[in-house]
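Quick look at what Swiss-Prot lists:
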- 125-138: compositional bias 'Basic and acidic residues' (COMPBIAS)
- 142-153: compositional bias 'Polar residues' (COMPBIAS)
- C54-C96: disulfide bond (DISULFID)
- C66-C109: disulfide bond (DISULFID)
- C95-C100: disulfide bond (DISULFID)
- 49-77: region 'B' (REGION)
- 78-89: region 'C' (REGION)
- 90-110: region 'A' (REGION)
- 111-118: region 'D' (REGION)
- 120-153: region 'Disordered' (REGION)
Amino acid sequence: MGKISSLPTQLFKCCFCDFLKVKMHIMSSSHLFYLALCLLTFTSSATAGPETLCGAELVDALQFVCGDRGFYFNKPTGYGSSSRRAPQTGIVDECCFRSCDLRRLEMYCAPLKPAKSARSVRAQRHTDMPKAQKEVHLKNASRGSAGNKNYRM
């Protein structure tokens, strides 16, 4: 014998179908296309299993996420909690043997390098001075009060 549905379920299905029929007449074909595209996207992503990254794919993903900073295959010492993970766990263990997300990849990026500050004039060597100042500096250095005496250093 067939399965008998409850009355509220049948009423809901009937009302929902009528609602969809009215909406379908109002919807243009482009709206219908985008709706179908969204449904396909959601169903394909829902049925896809967790993906893993190994080899060149893992390296490409790390280069994309980390950019110019670079990355580590093992976490640097003292990075993250060592109590919940084995000490030798690396990115391959986490993303190749199991699936991992973007945050997990970011954990293996090298830290940002601080921007180099401009050198002050005082910190520059005398060889970095403009030529006119260098000549004055050399002339003044040769005019010492020592006269013709030679000092040994």
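Even glycines carry a Cβ here, placed using N, Cα and C.
For C100 (disulfide bond), the Cβ neighbour count at a 10 Å cut-off comes to 21, with all displayed protein chains included. Nearest in space to C54 (disulfide bond), taking C-alpha to C-alpha distance over the disulfide-bonded residues C66, C95, C100, C109, is C95. For the region 'B' (49-77), same-chain residues at least 6 beyond its ends with a Cβ under 8 Å from one of its own Cβ atoms are 88-92, 95-100, 102, 105-113. Here C95 (disulfide bond) is positioned 14 angstrom away from C109 (disulfide bond), judged by their C-alpha atoms. Between C95 (disulfide bond) and C66 (disulfide bond), the C-alpha separation comes to 15 Å. Counting residues per DSSP class in helix, strand and coil order gives 10 helix, 2 strand, 9 coil for the region 'A' (90-110).
The disulfide-bonded residues considered are C54, C95, C96, C109; of these, C54 has the fewest other C-beta atoms within 10 angstroms of its C-beta. Long-range C-beta contacts of C66 (disulfide bond), restricted to its own chain and to partners at least six residues apart, with a cutoff below 8 Å, comprise L105, E106, Y108, C109, A110. Annotation note: C66 (disulfide bond) sits in a helical segment as assigned by DSSP. Confidence annotation: the region 'B' (49-77) carries a mean pLDDT of 85 in the model.
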